[in-house]
Amino acid sequence: MTFIMTSLQTPAVPEHSLDRDCTTLSRHVLQQLQSFSPEAQDLSAIMNRIALAGKLVARRLSRAGLMADVLGFTGETNVQGESVKKMDVYANDVFISVFKQSGLVCRLASEEMDKPYYIPENCPIGRYTLLYDPIDGSSNVDINLNVGSIFAIRQQKEDDLDGEGNDLLKDGREQIAAGYIVYGPSTMLVYSIGHGVHSFLLDPSLGEFILAQENIQIPDHGPVYSTNEGNFWQWDDAIRDYTRYVHRHEGYTARYSGALVGDIHRILMQGGVFLYPGTVKKPEGKLRLLYESAPLAFLVEQAGGKASNGLKPILDVVPDKLHARSPLVIGSKEDVSLVESFIQDHQHRNHG
């Protein structure tokens with residue numbers, strides 16, 4: 001009789017592979033903070049709730065063409081003056097529902113709501129505010145292209161006595177965490193709590209976000225420039241000159257999906273620059289500072305990139321109202337600096 005001996009010391013699956021497969025989002029947050037303090041557990045629980053919202057939204061999107069009341073518009077207009085899509089309403093309600101009974105946050109602020117949503121029974125417990133864009137790129141939903149959700153967490157430091165959220169009118173360096181969820185061929189959550197940028201893939205068989213990549217670093221330079229060139233003649237001369245520059249020089253490629261999260265994710269992984277400048281009619285631009293630009297700037301800076309309004313870092317810009325907008329130039333350091341140089345050169349020439 002022949003016995004086949006196997007070593008108990010050699011696992012059939014590499015240990016590092018198992019470690020990664022076993023690293024869920026909530027576990028990773030606690031590892032990042034190297035603590036089981038109440039604050040660390042709160043942040044871990046908040047990220048878990050955001051992940052739950054992402055799973056619910058992803059499930060809805062995956063069946064969007066098969067269900068009633070998912071595609072198209074509601075017929076209403078939001079605080080931004082934009083037509084509201086049904087998926088915007090659903091995703092906004094999902095975030096409220098998953099946090100309403102959590103005891104983790106005392107209010108949520110969304111670009112879909114005029115004022116913050118308050119959870120009075122949680123205020124003595126919840127020490128945080130969640131700011132979010134429930135569905136970014138919602139015009140893509142009806143044609144089955146990628147969309148996303150953007151989020152940021154801020155600590156409650158002051159009383160909000162008038163219920164207007166004026167204590168949130170501070171620069172982006174007040175954020176303690178930020179990230180996004182991209183709903184594409186797979187659902188991916190990317191986040192930072194100030195200790196690097198990390199990505200997690202939703203494993204449908206487990207129903208869990210599993211670690212995909214740690215400590216993502218954006219290249220210092222990349223080939224992609226991402227902007228809506230349909231606005232070319234509405235831009236000022238500096239941005240038009242930059243666009244002509246990339247047209248004339250080899251090595252650049254244009255990519256624009258209509259979903260901010262999708263374009264930023266590409267640049268995070270491959271390098272390059274995303275621009276949403278102001279226009280002649282709207283010099284403040286289109287993107288909301290608190291719900292879109294500042295959270296993504298926090299993330300990109302953590303990955304070694306740069307984010308600017310063309311003149312100063314986005315994270316240093318202080319909003320004057322809850323739904324303030326700002327131009328955005330974000331991505332690889334060298335590419336953002338190049339755009340800034342065109343803007344600054346024009347300023348010097350014009351002010352002589």
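Backbone N, Cα and C atoms are what each Cβ position is placed from, and that goes for glycine too.
Source: prediction; values computed, not measured.
The candidate list N166, N215, N228 contains one residue that Swiss-Prot assigns to the substrate site with D136, G137, S138, S139, Y256, K286, namely N228. Summary of the site annotation: Swiss-Prot records Mg(2+) 2 binding at D133, D136. Screening the candidates E284, E292, E301, E334 against this entry identifies E292 as the one listed for that site. Figure note: comparing Cβ neighbours within 10 Å for the binding-site residues S138, S139, N228, the maximum is reached by S138. Spatial neighbours are here defined as Cα atoms within 10 angstroms of one another, and by that definition the neighbours of E111 (Mg(2+) 1 binding site) among the binding-site residues N228, Y256, K286, E292 are E292. According to DSSP, E111 (Mg(2+) 1 binding site) sits in a coil region rather than a helix or strand.
Within 8 A of the CB centroid of the Mg(2+) 2 site residues D133, D136, E292, the other residues of that chain are E111, Y132, G148, S149, I150, Y180, L260, V261, L287, R288, Y291, P295.
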